[in-house]
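Pulled from TrEMBL, these are the features on record:
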- ALA14, GLU35, LEU43, VAL79, TRP364, GLY371, VAL372, ILE373: FAD binding site (BINDING)
- GLN150, GLY151, ASN152, VAL153, ARG194, ARG195, GLU206, GLY371: NADP(+) binding site (BINDING)
- 5-161: domain 'FAD/NAD(P)-binding' (DOMAIN)
Amino acid sequence: CCSPKVCIVGSGPAGFYTAQHLIKARQDVEVDIYERLPVPFGLVRFGVAPDHPEVKNVINTFTLTARNSRCSFYGNVNVGKDVSIEELQQAYHAVVLSYGAEGNRRMGVPGEDLAGVYSAKDFVGWYNGLPSCQELSPDLNCETAVILGQGNVALDVARILLAPTDILKKTDITQPALEALVQSQVRRVLIVGRRGPMQVACTIKEFREMVNLPDTRPEMMADDFEGVKEALKDLPRPRKRLTELMMKTALEIPSEKEQERQSKASRVWAFRFLRSPIEILANPDNSRTVGIRLAVNRLEGSGDGARAVPTGEVEDVTCGLLISSIGYKSLPIDPSVPFDSHKAIVPNNMGRVQHTAGLYCSGWLKTGPTGVIATTMNNSFDTARSVVEDMESGTVDVSAARPGSQSISGLLEERGVKPVTFSNWEKIDSLEMSRGEASGKPREKLLTVEEMLQVARK
Ligand code: FAD
């Protein structure tokens, strides 16, 4: 009799892939996507590194979904604040939470809040134009930067700190970040991990990009690879290939051509293994960081499950910039929704939120903050399948009509919240692209919510 109405919270990859699958699986379903910011696409816009434009092509698929007549986008709506989950549940047959992981894990060591210490989340948000991070203006007036963590995000940050700005100026990096990087004094980046080379969390593509980064040379330590060769044969293939490339970088004498390239390089990067932060060191008046005290670890066990155990030895490293890249973290946005604060996810079974019929989750909120866009896509398709199954089995009763956006729009209007539609966003999009064109970049992003809203409503 009536069309099932589904509401999705968050317009990152999880939100869009969930919507895409729902629309395809059922010809009658209508999907509304609510997004806190005036602009869509989550970490594809605000996380993925500016020098990875090919990764952002998923935006084309998301745009097709958004333009489907059965999909609507409501940007500038902060769910949990402007409208509650319970209100959404009353208006829709099903609600899918896919609002990602907007918090970050803290190191939990003294000195974490000193000037010169940043989370990778904020640093990435700064160079990618996330409005809430534009005040960061990190001080790059130092020679050595330490990054804690050895995952792909850590390598993104290392690359942005070291890449020749001639490369960056052709990307969609923000103008203030580009200017700061042109002035940057950072010449050396240490990428520190608490375990060994066989436990790093990055993938080979990102490591290879470091090896090939113009005007830089690696400074790996041969000793770190003792015994690694013998362990290679038992490693799964992707880990084996990555470890081989790290070993080659650390141990092999480069070709003559490569030696010449390296000798001319003005910047250095290195991995440091078996080190955990103990304390961030401050200057005498305690106003900013001048280094970090690290515990030296040894490994107990082997493979992915190996544990870092402190040996009792410590090591101080001098640095003026410290970026902790030890993980993102989902946050609860509404007290009515179950939340596992230990795992920092919404507890679920195939995307069905525990004990709450008609409520689902997908993406990083469902799995925790790991996995590339393709992983997020698969787990979002799984959630969409659960929604469709529940509609078919009657667990979600779609026989009675629900008002959907009609009632929510009324509530938002009463509260003075004016949503941004997808065609409003397309105005921002075309302005950003034409501004970019003028300066030889694919896009020049708007940096404040006010400016975004102004352009959207023109
Ligand atoms: P998100 O992308 O974070 O989307 C969540 C959305 O919800 C956001 O738009 C947010 O504004 C919105 N939201 C939050 N709170 C609310 C609220 N209260 N109300 C309404 N909306 C809300 N993967 C790759 O494949 N390749 C890469 O190169 C790559 N680089 C990455 C670089 C970084 C720095 C990071 C952090 C991740 C990277 N990833 C990459 C992984 C990829 O970004 C994730 O797999 C994916 O974005 C997770 O999707 P999501 O939709 O769950 O979360």
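The count begins at 1 with the first shown residue.
Heads up, the Cβ atoms here are built off N, Cα and C, so glycines get one too.
Any TrEMBL annotation is an automated prediction that lacks curation.
Features recorded in TrEMBL, as mapped to the structure shown.
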residue : record               : DSSP class
VAL79   : FAD binding site     : strand
GLN150  : NADP(+) binding site : coil
ARG194  : NADP(+) binding site : coil
GLU206  : NADP(+) binding site : helix
TRP364  : FAD binding site     : helix
ILE373  : FAD binding site     : helix
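Looking only at the binding-site residues VAL372, ILE373, the densest Cβ neighbourhood within 10 Å occurs at ILE373. Taking the Cβ of ARG194 (NADP(+) binding site) as centre and 10 Å as the limit, one finds 22 other Cβ atoms among all the protein chains shown. Among the binding-site residues GLU35, LEU43, TRP364, VAL372, ILE373, the residue whose Cα lies closest in space to that of GLN150 (NADP(+) binding site) is VAL372. Within the set of binding-site residues LEU43, GLN150, VAL153, LEU43, VAL153 have a CB atom less than 6 Å from some atom of ligand 1. Of all the binding-site residues listed here (ALA14, GLU35, LEU43, VAL79, TRP364), LEU43 has the Cα closest to the Cα of GLU206 (NADP(+) binding site). Mean pLDDT, taken over the domain 'FAD/NAD(P)-binding' (5-161), works out to 97 on the 0 to 100 scale. Counting every protein chain shown, the number of other Cβ atoms lying within 10 Å of the Cβ of VAL153 (NADP(+) binding site) is 25. In this structure, the C-alpha atom of VAL79 (FAD binding site) lies 27 angstrom from that of VAL153 (NADP(+) binding site).
With a 10 A radius on its CB, TRP364 (FAD binding site) counts 29 other CB atoms from all the protein chains.
For the binding-site residues GLU35, GLU206, the ranking by surrounding Cβ atoms (within 10 Å, all protein chains) places GLU35 first. Closest to ARG194 (NADP(+) binding site) by Cα-Cα distance, out of the binding-site residues ALA14, TRP364, ILE373, is TRP364.
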